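Feature annotation from Swiss-Prot assigns active site, proton acceptor to ASP66. The NAD(+) binding site annotation in Swiss-Prot covers ASP66, GLY67, ARG71, ASN141, ASP142, LYS152, ASP171, THR182, ALA183, TYR184, ALA185, PHE186, SER187, ALA206 and is backed by sequence analysis. The compositional bias 'Basic and acidic residues' annotation in Swiss-Prot covers 325-338. The region 'Disordered' annotation in Swiss-Prot covers 317-338.
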Amino acid sequence: MAKRNAVVVTHTRLRQTGTVVAEAVSQLRVAGFEVTIIDNTEAPDFGVQPPCVSDDTEIVVVLGGDGTILRAAELVHCTQVPILGVNMGHVGFLAEFESFQIDEAIRRVATHDYSIDERMIAHVDVWLPGATKPIEDWALNDITLERADRGKMVELSIRVDDVEMNSFGADGVIVSTPTGSTAYAFSAGGPVMWPNVKALQLIPLAAHALFARPLIIGSGSTFTIDILDDSMSEGWICCDGRRQRALPQGTRVMVRESRDTLRLARLSGMPFTNRLVSKFDLPVVGWREHARNEASSQPLHHGHTFPAAAYAAGVAGDAGVAGTEPDKPGERDGKAGA
């Protein structure tokens, strides 16, 4: 029988990690895997590729949140080895299972009962002033270029396919993949992009400009971001919140789709739309509909109820009782709107 190798990447600071790791490793070994545990992955320097897992690794099982999955991505970026995420964090958007489902997850891995979801990766070239070749890096989620001086703006010029689109002072910009569109880019006001969309988006951060809106480009295009020579602040680049370095004035940053992809193991056929609604707990019923539903059970003076349609019209049929004012936006269920 051929040897089967698995790598388990863990989040060391989560209280419940130890028990789940022990269970996962035990079950993998029972299934015939030789298991390597990685529990401390320091962020490498920008432009430096850390050692990857061996090509004969069958799967990398990640026990943690999305941040732990991003750490694991550095170990498989240069391989075809898939990642299976078991969520032990908060949202766990990239994870496939929750920690209480670890038994089923390992069983499915052992029987090869999973599909592969290939995710687009962004490639970045950083040209320092006077450089003859770029510093290269990549990102599964996003690449941020922000001001190095917290008290000043960084002055940027934005080009798409060598055509200048805009220039402004700002806190910085985010360039996001579809995978990263539900992360920092989403918090900064960018749209959600479905994973099968081959595109990159650029979101300005607090730009001092009349026109500074998110831009989306196709997979054959390139974002070019120049830190202007007279910028008040130097820049600071960061890939996936981990690999980072300072950038002086006059630096050029070019971001495009990478030829590589990252492979996520999927154990269910849940569409991305369902995953989006579930993970973000989206309020799919608007506040007006919520008010109608509440009204359908409102008692009349005679101890009866009237239908929601009558409530919405402000009357209650023959009873002649006017509907009360519906809830205001933001006051339903104590939840903020999506």
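Glycine residues also receive a Cβ, built from the backbone N, Cα and C atoms like all the rest.
Because the structure is a prediction, the values reported are computed rather than measured.
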**Request:** Return the maximum Cα to Cα distance in Å (whole number) over the record's NAD(+)-binding residues: ASP66, GLY67, ARG71, ASN141, ASP142, LYS152, ASP171, THR182, ALA183, TYR184, ALA185, PHE186, SER187, ALA206.
**Result:** 31
**Complete:** Using a 10 Å radius on the Cβ of ASP142 (NAD(+) binding site), the other Cβ atoms enclosed count 26
**Asked** Hey, does DSSP put ALA183 (NAD(+) binding site) in a helix, a strand, or just coil?
**Response** coil
**Item:** Cβ neighbour count (within 10 Å, all chains shown) around ALA183 (NAD(+) binding site)
**Value:** 23
**Message:** Taking DSSP as the reference, which of helix, strand or coil describes the residue listed as 'active site, proton acceptor'?
**Reply:** helix
**Message:** Helix, strand or coil by DSSP: which one applies to ASP142 (NAD(+) binding site)?
**Reply:** strand
**Asked** Cα distance, ASP66 (active site, proton acceptor) to ASP142 (NAD(+) binding site), nearest Å?
**Response** 13
**Prompt:** Roughly how many angstrom lie between the C-alpha atoms of SER187 (NAD(+) binding site) and ASP66 (active site, proton acceptor)?
**Reply:** 15
**Prompt:** Counting only other Cβ atoms and using a 10 Å cut-off, which of the binding-site residues ARG71, ASP171, ALA185, SER187 scores lowest?
**Reply:** SER187
**Request:** Using DSSP reduced to three states, classify ASP171 (NAD(+) binding site) as helix, strand or coil.
**Result:** coil
**Prompt:** Which whole-number value in Å describes the distance between the Cα atoms of the residue listed as 'active site, proton acceptor' and ALA183 (NAD(+) binding site)?
**Reply:** 10
